[in-house]
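Colleague: Just lifted these from TrEMBL, have a look:
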- 33-52: transmembrane segment (TRANSMEM)
- 109-131: transmembrane segment (TRANSMEM)
- 164-182: transmembrane segment (TRANSMEM)
- 188-211: transmembrane segment (TRANSMEM)
- 218-238: transmembrane segment (TRANSMEM)
- 280-299: transmembrane segment (TRANSMEM)
- 311-333: transmembrane segment (TRANSMEM)
- 353-373: transmembrane segment (TRANSMEM)
- 385-405: transmembrane segment (TRANSMEM)
Amino acid sequence: MRCGLRRAAVARVGRIDTISAAAAATSPRRRTLMAPLLLIASIAARFGWTYLAPHGANFVDLHVYVGGAEALNHPGTLYSYVYADQTPDFPLPFTYPPFAAVVFYPMHVLPFGVLAFLWQAAIVAALYGVVRVSQRLLGIAANRRAAMLWTAVTIWIEPLRSNFDYGQINVFLVLAVLWAVYTTRWWLSGLLVGVAAGVKLTPGVAGLYLLGARRWSAALFSFSVFLVTIGLSLFVVGDQARYYFTDLLGDARRVGPIATSFNQSWRGAISRILGYDAGYGPLVLAAIVVTAVLAVLAWRALDDADALGRLLVVELFGLLLSPISWTHHWVWLVPLMIWLVHGPLRNRLGAKIFGWGWLLLTLIGVPWLLSFAQPTIWVISRPWYLAWAGLVYVVATMATLGWIASTRRLLAPEKPAVAAKPDDVADGVADEV
């Protein structure tokens, strides 16, 4: 009788599928392991490319940092120093503010091989920091797996590839500015932006964000810190510091070839189309004015609480404004993609198109591909189709700003993708990335 009742109950309820249940239980464990394993594999592949590939990283910019720093031991030689061992067709001068040489000075005592290895490892750590601070600015808490996945993938986008290959400093500067916006301490915000601008002038555009966000104390202090970096440079470097700020500042041709496809600024793009250096002539100025209008409209379209979105608007404007924006300057595309995929506008079709479109564009590396079609980096004139194709980052940026400007101001911003359940965010990114 009991056996009959048991069989009837099983028939009504159905047998429990213990195999599927066990598989479901192990699935979160697999996803937990996937993110760190993918990151480890990506880092290993990057280091493998650097040290095993025939044309891996050459660290030419890191050589310039070290050489410029060492030039401080020989007064009067900082801005006559050039590095040409691996770039005979383009001898690389020290083009940074004199304060950068002071900051880099301790590096020249390390064996270069050790320094280069540590520099690459530091870029990876800083990239992870860029992702994590971007998440925090969006209000996404403690989803380290998602950060690992973003880091693993963006190691291979064009701006990061060139930062690794050349030993560039841009990832550290982006992290400093992001942290300056994230922190509520006005003095720390000002310190980070001021020092970053003292090392490389371009981070100074973040001062526009501080002003727009009405963080007056931070903005004023950042300018004061920048002035201190100049004063310290004058004290340590002397005449070479004066020479930089009176003669070299603004000479973009000294930085490199204006019209190479790697320069994704308005000046570079229009110069390629015209066939000569357009400088800041009428066409370039008109393009900058249009960009500024779009940037203001995009800023106003975003909610006051969307600090990351508004910062990105300022930084994108700065990239197009600058006379030279090498592809390795475009590290800001990493937080941009995170903002588009996880930010307050993430559910809009445009956010998906631009977010994943930027990822595809940078993984391919269109400016890098175009570089093979130019005879040399110094030749400005080129066939019309190559000149117009060289607008790729510029056009994509204008389209992104235009889309942001076209969105309505959100009265109540949506919560980030799963702030209450950070593990779910990583699961979602794992599915998409």
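Cβ coordinates come from backbone N, Cα and C, glycine included.
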Colleague: Can you name the far-off residues of the same chain, 6+ from the ends of the transmembrane segment (311-333), with a Cβ under 8 Å from a Cβ of it?
Modeller: 130, 137, 157-160, 162-163, 166, 168, 170-171, 174, 177-178, 181, 202, 205-206, 208-209, 212, 252, 255-256, 258, 262-268, 280, 287-288, 291-292, 295, 298-299, 302, 339, 358, 362, 365, 367-368, 393-394, 397-398, 400-401, 404
Colleague: Taking the transmembrane segment (188-211) as reference, which of 33-52, 109-131, 218-238, 385-405 has the most Cβ pairs under 8 angstroms?
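Modeller: Ranked by Cβ pairs under 8 Å, first place goes to 218-238.
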Colleague: Which one of these stretches, 33-52, 109-131, 164-182, 218-238, 385-405, has the most C-beta pairs shorter than 8 Å to the transmembrane segment (280-299)?
Modeller: 385-405
Colleague: Taking residues 6+ outside the transmembrane segment (164-182), which of them lie with a CB under 8 Å of any CB in it?
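Modeller: Distant Cβ neighbours of the transmembrane segment (164-182) are 46, 50, 56-63, 65, 116, 119-120, 122-123, 126-127, 129-130, 133-134, 136-137, 155, 188-190, 192-193, 195-196, 199-200, 202-203, 206, 209, 218, 222, 307-308, 311, 315, 328-329, 331-332, 334-335.
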